[in-house]
Structure formats: C-alpha cells, structure tokens
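Chemist: The structure that follows is given in the form of structure tokens.
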Amino acid sequence: MKNYVNISDLNNLQNTVQDAIDLKKNELQSKTLGEGKTICLLFFNNSLRTRLSTQKAAQNLGMHTIVMNFGNEGWQLEFEDGVVMNENKSEHIKEAAKVIAQYCDIVAIRAFASLTDKEKDNAEMVINSFIKYAGIPVVNMESATKHPLQALADAITMEEFKTTKKPKVVLSWAPHPKALPHAVANSFVEMMQLQEADFVITHPEGYELNSEITKNSRVEYNQEKAFENADFVYVKNWSSYKDYGQVIKKDADWMITEAKMKLTNNGKFMHCLPVRRNVVVTDEVIDSENSLVIEQANNRTYAAQIVLKKILEKIGC
Amino acid sequence: MKNYVNISDLNNLQNTVQDAIDLKKNELQSKTLGEGKTICLLFFNNSLRTRLSTQKAAQNLGMHTIVMNFGNEGWQLEFEDGVVMNENKSEHIKEAAKVIAQYCDIVAIRAFASLTDKEKDNAEMVINSFIKYAGIPVVNMESATKHPLQALADAITMEEFKTTKKPKVVLSWAPHPKALPHAVANSFVEMMQLQEADFVITHPEGYELNSEITKNSRVEYNQEKAFENADFVYVKNWSSYKDYGQVIKKDADWMITEAKMKLTNNGKFMHCLPVRRNVVVTDEVIDSENSLVIEQANNRTYAAQIVLKKILEKIGC
Amino acid sequence: MKNYVNISDLNNLQNTVQDAIDLKKNELQSKTLGEGKTICLLFFNNSLRTRLSTQKAAQNLGMHTIVMNFGNEGWQLEFEDGVVMNENKSEHIKEAAKVIAQYCDIVAIRAFASLTDKEKDNAEMVINSFIKYAGIPVVNMESATKHPLQALADAITMEEFKTTKKPKVVLSWAPHPKALPHAVANSFVEMMQLQEADFVITHPEGYELNSEITKNSRVEYNQEKAFENADFVYVKNWSSYKDYGQVIKKDADWMITEAKMKLTNNGKFMHCLPVRRNVVVTDEVIDSENSLVIEQANNRTYAAQIVLKKILEKIGC
C-alpha cells in the first residue's frame, strides 16, 4: 500500500481487520518500526478523534509526529494551475506539497468538502494534489468525499461485535441542524460492499448518495422497514447530494429512537461521532448497552496504526 | 492518588513537597517510568507556564504528550444532560470525555471560570464531567475554582526559601484592570491550611473569597498591618466573589510597593504570573532579590512531574 | 556559538556548510546528542517550512520539541520598560523570557517586522529581549530584520549546485501584491558577503535595502544587465526600506521570466518560498530543471540541525 485514500487501497479488507484486532491485543508490539520516521498531520479542518487517535497510532509505532493546523498556523494555498497569484493565496500546492515531503516520511491530511462546489469536491483537489506532488505516502484523515480511517475502524468494530457470519447492516440517515459532508457515509458504503452482509441504506427521498458509490447497494426509503431484523444500525447525517450541500429536511421523524431500535435483531447502534444527542439519536439509544460509539472511537487508533504499519513496511523501515 | 483536582488530593502535602525537591535534583531520574504512556493536555483557555511546564514534566517521565486547544482545534461541547442539541454545540461531554480516554492514560484540563455564572463555576462542570465520564486520571491545569499545580509549586518554593519553621505568610489582593478568577487564590488558601504557618489574607472589603474555602483563615482588611513581619507576601488579583465576577476597585493604593515590602521581615515576593507590572506590583519589588516569581515558575515543572509520577505509579507502569 | 541570530554568529560559514552537507548524508548520526534536552519553538507569526524543518531537525538530534503559537495560545507581551501595564498586554517579556527558559534548553523564535515602525524593527526588540532575559541559547526563526536559517540553507544549496569556484550570484527584487519584510534579503546579503562570489543586487530605484547591511555590495538597477552570465538568481520581494514598509511598485516588468533567465549562464533559480506564481516568477521558470526551490526547502532541515548541533555541543550534552 502506497497511499491510504480510499478503503479500496487496502489489499484485503478482511485480513487488515484481523491484523488490526491482533495489533490491538498488544499495541506496542511494533514500537520501534517507525523509529527515525516522521509523520506530518495537516489539518485544514478541526478534529478531535482523528487528531488524537492518529497521533497515538504513530507514537505506538515509534514515529515522530508533527501536527500543523493549516488555517491558523499557515496560510491559504492555491490549487489551480496557471493562476496569477495576486490575491489572498500565498503559496501553491505544488511547492507546499513538495516542501512538506522534505520533512516527513508520511503525510496525513484532513480537508473537508466545501459542499458548495460539487465538481471540485468530487475532484478531491486537496488530497489528490498532495498525492500528485508530495511523492510520499498520503493518508486520508477525511477528504471531501471519503473517510476511510473511519470506515476501517467501523469494520473492525463490526468484526468484534458480530454474532452471525452474514449480519444485516443498515446505514440510516438521521436529521441534523447543519449541512454535513458525505465522506463518512460514502466510505462506509464502500467498506460494506467489500463485506459479507445484508446491507441496506435508508434515507428520505432526495438524500440519495452519489450513485457511482452506492452502485447496486439496496436503498429502502422506509426507515422502519429497513430496521427490521438489523444486527447493526449505522447512523449518519449528510446533506443532499442531488441538491448539493442543501438541508432539505430537519424534522425529528428520522431520529433514531428506542422504538425503532426495537424493530431490530437486538441491533447495535453505531455512529462515527461527534453526534448531536436528541437530534440524531435519543439519549436512551446512545446510552444503551447496544451502543458501540466508544468502541468505534477506540478502534480509530488501531485502524490508523495498521494503515501506518503497512505503509512503513512498504517504504522499508 | 487517582486524580489531581484539588491540593487535598495529595495524601500528604509535606511529603510530596520533599519528593518534588528530591526529584528536582535529578529531573530525569524516572525517565522511563512513563514509557508507552500518553498524556493529553486539553486547553479550553490560553496558557504559557502550564502549557510548557506540564509538557516538560511529562517528557521528563518518558511519556508521550498530545496537546489540543479545544476552542481552535475542536468544537464546543455540551455539558447539560437531556438537551436537544440543535444549537451550536457539536458534541456532548459524555462522548468527548470517553473518547479522549481511549487515546491516553492521563488527561489534563484547563477550563477557566466563566465569572458570570457563580453556581456553574462552583459546580466545576468541565473538570467534574471529565472525572465522571473519562474514567482515567484527570489532572487540573486550572479549573473554574482551583489551580492545585500552582499551589503545589508555591509550596515547593516556600519550602526552599523559608528560614523559619513557622513563617508568616500573607496572601494579598492587588489591583488589576480585568476581572480575574479565584482559582489561584483558592488553591493557595487550601494549601496554606495544610501548612505550619502564620497565615493571613488581606484584601479590600467586598473582595472576600468563598468562605467555604477560607474557613477559619484570618482576614485582615488593613494591607499594611497584614504585611508587618511577613516572611512571604503572595500577591494575586481576583474579582469579587460576593458581587460575582465584578471589578469593584481598581485604584493603585493596594499595589505592592517597596514601602509596603519594608514592613515585612525581609519578606519574599511571590506571584503566579502573568503579572501586570506597575499595576499589581512595582518594577522595584518584582525586580528585587526577594522576588521569587521565576523560581515559582520553575517549580511548576516539578509540581507537575511529582503529580504525574504518583499517578503513573498508581496506574501501574 | 551561544545564540544563532545572525549569519555572522557562525564561527566559519564555509566549515558550517560542509558540516551540514556531511550531516545530510546521515541525518540521524547524532540522534542521541540532544537526549533529555528540550527546544521551545515560539511563533509570533505563521510558518510552514520553518515550523516543520526546525522540529524535524531537533527530533533528528533526539531533542524534545514544544511548539507554541504565542498569538493564539498565549497572550500579548509588553516589551517596554517601566510601563504601567493596564492596557491589553498581560505579561512583560522580562517574566515571559525568564519563565520559558525554565522549561527548555534552547528557545527558537519567529517574530516578523511590523513594517510600520522602522526604529523598533531595527532594534529587534523581541529577539533581543529573549537574548537579554532568557539566558539560554536563542535561535532566530526569522526576526524583524534577519532570517539566518534561511541564509544558511541557501549557502548549503549553492555549495551543492555551484559549478565554478567563484559563481556570479544575483539577488533580484521581484513584484508582490503585499508589503513584505527585508529579513530574507538582508540575511542573504550578509551571507553572500562571507562568500567568494561575484555578487550583485538588483531592484527598482526606491527599493534600496538598509545600507548598513548592503555596505559595499554592488547594486545594479538594470535587472537584465544584472542577470547577464549569472550562475544563481536569488529572487525575493521586499517593501521599501526608505519609504518604510510601502509598496511603491507592483507591475510585472520585474517578474522573473524565461527570457530573463536566458540572459544567465544557465543560471539556477532560487527563492525561499512561499512564492506567488506568475507574480514573482513565471510557472516556466519555477517548474524548470534549473529551479532549486525544493532543494532550498530541504536544506532548511540541515541548516537548523547543524545550528542546533553546534549549540548543543557548546552547552555540553
């Protein structure tokens, strides 16, 4: 694995999940693998879980970590080619990416969707520019359209908690006051497409995800019907993809409640966090024994660590 | 010691002070104790001494340090139970604290008083929520009402500079242009109540500290009288507690001057810093040989280090 | 070497350049030299290259690094003596510098020119105050008038790429939409004055640098004439020094183009970055094989590392 930008960059999802579970048993088992190696974590957007878990993962491997918040600590970058840079952008990505690559062995990047320019978001300009110019391994800490570290952590969590070989897994949209990106949902869908499962996506009409990602995955517009007999309910808000970045529905009838969870097969509740309580999900559900949200967050460390481990092994430590 | 939130969390102040002085002689004596362990320093407010000294202390013990500025790098947290989170708070402390605890072995928190809501400040919502939900040791890097790392550093400094078994120690209010919290004064009072000393608090009327903290500690409203024969003069501004968070007096007659220091027994001047020169204290006094402010700052490292050492020993490194 | 504030703080530039080139061959050759030592990087201004390369350099030497953004994470400092500090400055440099020195072995500082107060900028108040009060080695990460880590990296790069014993080196002004400091140009001039080279400075009239720095260095107001037969063209914008901090010319006729580079002796293009493409230099030139900008950035690590190594050797690790 050179870069980790999509869940499909893993050679084999199932093996990687098993490797991560193995590594979790003794997280310091490769504590000298990254000695003398440096990872730069570049944040173009805020972060809690990703910020802490990726640092933890790198440190577990003996790497040096350098964290930079591009907005506060650096300056605006230009991504377009051939521009006369006489406005507010101080440096071109061509230089920035090549320069950063001089100081580290791996670069990890968080750069959210604009939700205003669908074409640019789909082009993944920021992360793809780093791949194009940096020349060193690039790790996606949530890009405009993908969040593969989250999806890998979710796969690990489901592997740990599944009680049947082919569980029923529901990805359910839920309401939220703000317009949110599609990255988590997209990567979850792509991850599920690599799993043996009965997978169904449920959301209100108008909230269809990018069909190039959902492909043949089943969509069920009736949330309650979708929940029937589910083993895992993975919940996430996203804004409209068709009416790009718009919030077309906010009312509480799609909130995850105890009544809905009762339709499942004693189903586990999952969410990537942060979550708005009593908007996305009721206190009862997220505080229940079937809630896996903290386990998911914990597995972010091992998802990052197995990815960094595989990259380090590839670049030859 | 599980958490260090109040000076009273120390089993024995005098022994801890001696342990810190011992550790200061060779600050790398336990440099492998924290190997493979991580501390997260979470700042909800700005910091200089605490930020640097706590990192230094953790690194002296071989720990990994992860620093996060919650305001700039994260988002607003909800602390109330049962709220419909459809406003500007993106994550509940229940999740945030539990999640952070997945990535570190100790969490240290700075969260100042609001100075607008006395009841909430006294409830210490932020740090108590972390204790309640994180489940890992919590260290107070200045909370709404307490600053026990400062108080411990002050105890170390007084132990190093006292010339008599039972010194006279004065805590004196001094003027300041802005409304400041009570945390430093409160923890200093609590620390002094554990010491063998002739302790007196002096401040203008209306600036009484929380009587549940000052208890039987003597208050003298005449600053000059209080200074008579003092061995240590510990200076700090705070806003009114009664008229909560208000600045009811700004004039310079309570400023610490050479003339006032001459009333003391060649007394040492102490302040936790940052200090406003020629507002709180004149240049002459803070620049004099009797000023201990830099020694106090230096002892912040050893205060933090002895606390972290005791916590690490407890959690079993 | 106690401090590294000016290029002249190096005992011998040529030897230092050779030492850096030697160190670059095996950057971990002194990886335990800084063990148990801490460097604080204090940023009063934003940074990319300096932030990352100086951390990398320190980590290559086994040092702990603590990074602090003074503006966001701390508060405003007072630098004037005798002031009644009742305005917006919370701490005096006297305390801040002495306190920081308690927590680290070396302090590195970035504090740009104001470009509004020529006298203060020339007085280098921030970095000189740290030298005066901190008492520990101070490293300049770009001060009001100097950027000696950049100049050293440039000297390393020229040594690596020169094809003749005494190359012709041109420092050329180029246009920029914003008013920029003189620090990079000043330190480059001072570095060149220590080199065997045919050195010429070219800029529009009115953009003369401080004559106390340029001394006898040749100035040629005709840019094309200056470029004739040049081996290296070092490009940088700066604002007017005479009409302090003003932008008196923005038009593109001083931009670095392929046509101008053709006047050189197959000359190398150099710039410290960040650079505005198609304002300072055309895409063709910066993307050409003769562009050394990424090599310069890479050498920032080794410039910082050789400086830190010499300081560590002096303070006795």
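Cβ atoms are placed via backbone N, Cα and C, with glycine included.
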Chemist: Given that TrEMBL annotates A:Glu142, A:His176, A:Arg276 as binding N(2)-succinyl-L-ornithine, state which candidate in A:Lys215, A:Lys236, A:Lys314 belongs to that site as well.
Modeler: A:Lys236
Chemist: How would DSSP class A:Cys272 (carbamoyl phosphate binding site) in three states?
Modeler: coil
Chemist: Could you check which of the binding-site residues A:Arg49, A:Trp75, A:Leu149, A:Cys272 is the closest Cα neighbour of A:Glu142 (N(2)-succinyl-L-ornithine binding site)?
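Modeler: Nearest in space to A:Glu142 (N(2)-succinyl-L-ornithine binding site), counting only the binding-site residues, is A:Leu149.
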Chemist: Looking only at the domain 'Aspartate/ornithine carbamoyltransferase Asp/Orn-binding' (A:184-308), how are its residues distributed among DSSP helix, strand and coil?
Modeler: 45 helix, 20 strand, 60 coil
Chemist: Rank aside, I only need the closest one: which of the binding-site residues A:Trp75, A:Leu149, A:Cys272, A:Arg300 has its C-alpha nearest to that of A:His176 (N(2)-succinyl-L-ornithine binding site)?
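Modeler: Checking each of A:Trp75, A:Leu149, A:Cys272, A:Arg300 against A:His176 (N(2)-succinyl-L-ornithine binding site), the shortest Cα distance is to A:Cys272.
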Chemist: Given the model, what does the mean pLDDT over the domain 'Aspartate/ornithine carbamoyltransferase carbamoyl-P binding' (A:3-160) come out as?
Modeler: 97
Chemist: Rounded to a whole number, how many Å is the Cα of A:Arg49 (carbamoyl phosphate binding site) away from the Cα of A:Arg276 (N(2)-succinyl-L-ornithine binding site)?
Modeler: 16
Chemist: Suppose we call a site close when its Cβ is under 8 Å from a Cβ of chain B; which of the binding-site residues A:Trp75, A:Glu142, A:His147, A:Leu149, A:Lys236, A:Cys272 are close?
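Modeler: From A:Trp75, A:Glu142, A:His147, A:Leu149, A:Lys236, A:Cys272, none lies near chain B.
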Chemist: Would you kindly give the Cα-Cα distance separating A:Arg276 (N(2)-succinyl-L-ornithine binding site) and A:Ser47 (carbamoyl phosphate binding site), rounded to the nearest Å?
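Modeler: Answer for this pair: 16 Å between alpha carbons.
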Chemist: List, in sequence order, the same-chain residues at least six positions removed whose CB sits under 8 Å from that of A:His147 (carbamoyl phosphate binding site)?
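Modeler: Result: A:Asn140, A:Ala183, A:Val184, A:Asn186, A:Ser187, A:Cys272.
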Chemist: Between A:Lys236 (N(2)-succinyl-L-ornithine binding site) and A:Leu149 (carbamoyl phosphate binding site), find the distance joining the two CA atoms and give it rounded to the nearest Å.
Modeler: 16
